[in-house]
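Visitor: Right, I'll just put the structure down here and ask away after.
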Amino acid sequence: MSHSVKVYDTCIGCTQCVRACPTDVLEMIPWDGCKAKQIASAPRTEDCVGCKRCESACPTDFLSVRVYLGAETTRSMGLAY
């Protein structure tokens, strides 16, 4: 099952998404584009289980972290009643 995790440049470097991820997909890396001087990165997307806890934890108005579920997951989600 393959999910993609995208971190946008609206990230404020708060680390909420990193702490929320149960499978350690995300980590913080140095970045000069925000006050915190760090941004979330997703180096281990193969470990993503698609729970979207990172999205829920993101405090920005435009979610800085988005999880795009793989085709198998979205297909099985359509079977629910």
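Just so you know, glycine gets a Cβ as well, placed from its N, Cα and C.
The domain '4Fe-4S ferredoxin-type 1' feature in Swiss-Prot is assigned to 2-31; the stated evidence is sequence analysis. The [4Fe-4S] cluster 1 binding site feature in Swiss-Prot is assigned to Cys11, Cys14, Cys17, Cys58. If you look up Swiss-Prot, you'll see Cys21, Cys48, Cys51, Cys54 marked as [4Fe-4S] cluster 2 binding site. The domain '4Fe-4S ferredoxin-type 2' annotation in Swiss-Prot covers 39-68 and is backed by sequence analysis.
Looking at the shown structure, can you explain where the listed features end up?
Guide: Same-chain residues lying 6+ beyond the ends of the domain '4Fe-4S ferredoxin-type 1' (2-31) with a Cβ under 8 Å from its Cβ atoms: 37-51, 53-60, 62-70, 73.
DSSP assigns Cys58 ([4Fe-4S] cluster 1 binding site) to coil, not to a helix or a strand.
Listed in sequence order, Val5, Cys17, Val18, Ala20, Cys21, Val25, Leu26, Ala40, Val65, Val67 are the same-chain residues six or more apart from Cys54 ([4Fe-4S] cluster 2 binding site) with CB atoms under 8 A from its CB.
Distant neighbours of the domain '4Fe-4S ferredoxin-type 2' (39-68): 1-29, 31, 33; these residues of the same chain sit at least 6 beyond its ends, with a Cβ under 8 Å from one of its Cβ atoms.
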Visitor: What same-chain residues, at least 6 away in sequence, bring their CB to under 8 Å of the CB of Cys58 ([4Fe-4S] cluster 1 binding site)?
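Guide: Result: Gln16, Cys17, Ser64, Val65.
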Visitor: Going by DSSP, how much of the domain '4Fe-4S ferredoxin-type 1' (2-31) is helix, how much is strand and how much is coil, in residues?
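Guide: Looking at the domain '4Fe-4S ferredoxin-type 1' (2-31) with DSSP, the answer is 5 helix, 8 strand, 17 coil.
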Visitor: Using all protein chains in view, find how many other C-beta atoms are within 10 Å of the C-beta of Cys48 ([4Fe-4S] cluster 2 binding site).
Guide: 23
Visitor: Round to the nearest Å and give the CA-to-CA distance linking Cys48 ([4Fe-4S] cluster 2 binding site) with Cys11 ([4Fe-4S] cluster 1 binding site).
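Guide: About 19 Å separate the Cα atoms of these two residues.
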Visitor: Within 8 Å of the Cβ centre of Cys21, Cys48, Cys51, Cys54, which other residues of the chain have their Cβ, at the recorded [4Fe-4S] cluster 2 site?
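Guide: In sequence order, the nearby non-listed residues are Val5, Cys17, Ala20, Pro22, Thr23, Val25, Leu26, Val49, Gly50, Lys52, Arg53, Val67.
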